[in-house]
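Notes follow the structure.
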């Protein structure tokens, strides 16, 4: 039985970030910065409430008679209670004989074109631990992109405006960045396990390292670009953020309406149609929050029973990173044009170059992960290099004018040249005739 290290890491990041946010909020209150105080509290308490809701929903605590657990969740102590429960199950496993076990069948990764199916006994303790790991993974993603990402953006924005980085603020920003990167990492692992649920997936340390570097560069550059742009063009910050957010929020719903599929009813039997709609809206809300800062490894598909698109779409990945790079470059250009005196002692061209190179480094680590370190790369119908090559060919084909149009234009030009030659020859013949007549008359 695996040690529940992911649960412990999730709890430590959650507790450290919440406590630091409360301390920093108190510091803002003492300094008289009421607006920064309330925004810091908002970005700390809102994800806390959503994390409690996620843990209660996964464990179905509402339908079970557990009033003490529900009370502790209301007191925002749900992750702590769940972590204690996880380690209680882990250390008691094997001491008491379990009444029954379940049999799971998993397929190994293909070797030489063949894949063996392996049966494995899963006891009650291991099944409960698996449920807890899954719940904490989802809670980490919620905490990262609905709390830590806005919090990191806010604190970096305050540092830029005040031109000062305090010790408490720097510690808080480091914790927030770690929380976001860890949430993105868990999102990647969740996507792999959901897409390849039939296989025994084992993620190697090299894959974890690639994902960590990829997400670190991507998120750090994205947050810095947003902060720089918002520090000089505050009026245009809200339209940029809302356009990004609502674009990703409505995208799964548009695809769902285009597919003309029936409304999903099998998410949770205890939920009514209204409850199902609320859950789907929260899911797309989280999906939009993730894509605001980085590529979402989990693609929402509302007409699928699992609500996840399990196909590997290289086109969507390519288009996302191309558009995001163009957007970051445009926002940096606007910052460079309208930068104020607070950036007087900063080499602006060098900073722009560093941020663009940082984003390119994120793309490079992503390519390395999908090409060499992905645990299920043998199951890909095409590699990342082949997929990107076909994407670029497709984009070049779109940019080229149609062949028929080119031939038509050539034909039109040829006809025009023929008409001009014909008219010029007629003019010459008429001139010759007039000259002949004039000579005859003179004679």
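Please read every residue number as a count from 1 along the shown chain.
Every residue, even glycine, has its Cβ placed from backbone N, Cα and C.
Note that TrEMBL annotation is computational and uncurated.
As annotated by TrEMBL, region 'Disordered' applies to 424-443.
A Cβ distance under 8 Å defines the sequence-distant neighbours of the signal peptide (1-21), meaning residues of its chain 6+ beyond its ends; these are 40-41, 43-44, 48, 51, 76, 79-80, 82-83, 86-87, 90, 93-94, 125-126, 129, 132-133, 136-137, 139-140, 143, 147-148, 151, 168, 171-172, 175-176, 178-179, 182, 186. According to TrEMBL, the signal peptide annotation covers 1-21.
Only residues 6 or more beyond the boundaries of the transmembrane segment (37-58), in the same chain, are considered here, and those with a CB under 8 A from a CB of the stretch are 14, 17-18, 21-22, 24-26, 28-29, 70, 73-74, 76, 78-79, 82, 131, 134-136, 138-139, 142-143, 146-148, 150-151, 154-155, 268, 279, 282. Per TrEMBL, transmembrane segment is recorded for 37-58 (among others).
Per TrEMBL, the feature transmembrane segment maps to 167-185 (among others).
According to TrEMBL, the feature transmembrane segment maps to 235-256 (among others). Among residues of the same chain six or more beyond the transmembrane segment (235-256), those with a C-beta under 8 A of the stretch's C-beta atoms are 226, 229, 284-285, 287-289, 291-292, 300-303, 331, 334.
Positions annotated as transmembrane segment by TrEMBL: 277-298 (among others). Sequence-distant contacts of the transmembrane segment (277-298) (same chain, six or more residues past either end, CB-CB distance under 8 Å): 50, 57, 141-142, 145-146, 149, 180, 184, 187-188, 190-192, 194, 215, 218-219, 222-223, 241, 244-250, 252-253, 264, 267-268, 271, 307-308, 317, 320-321, 324, 366.
Within the chain, the transmembrane segment (318-338) has long-range Cβ neighbours (under 8 A, six or more residues past its boundaries) at 221-222, 225-226, 228-229, 231-233, 236, 240, 291, 295, 348-349, 352, 355-356, 359-360, 363, 366, 387-388, 391-392. Here TrEMBL flags 318-338 (among others) as transmembrane segment.
What TrEMBL lists as transmembrane segment is 350-372 (among others). Beyond its flanks by at least six residues, the transmembrane segment (350-372) meets 206-207, 210-211, 213-218, 220-222, 224-225, 295, 321, 324-325, 328-329, 332-333, 336, 383-385, 388 of its own chain at Cβ-Cβ distances under 8 Å.
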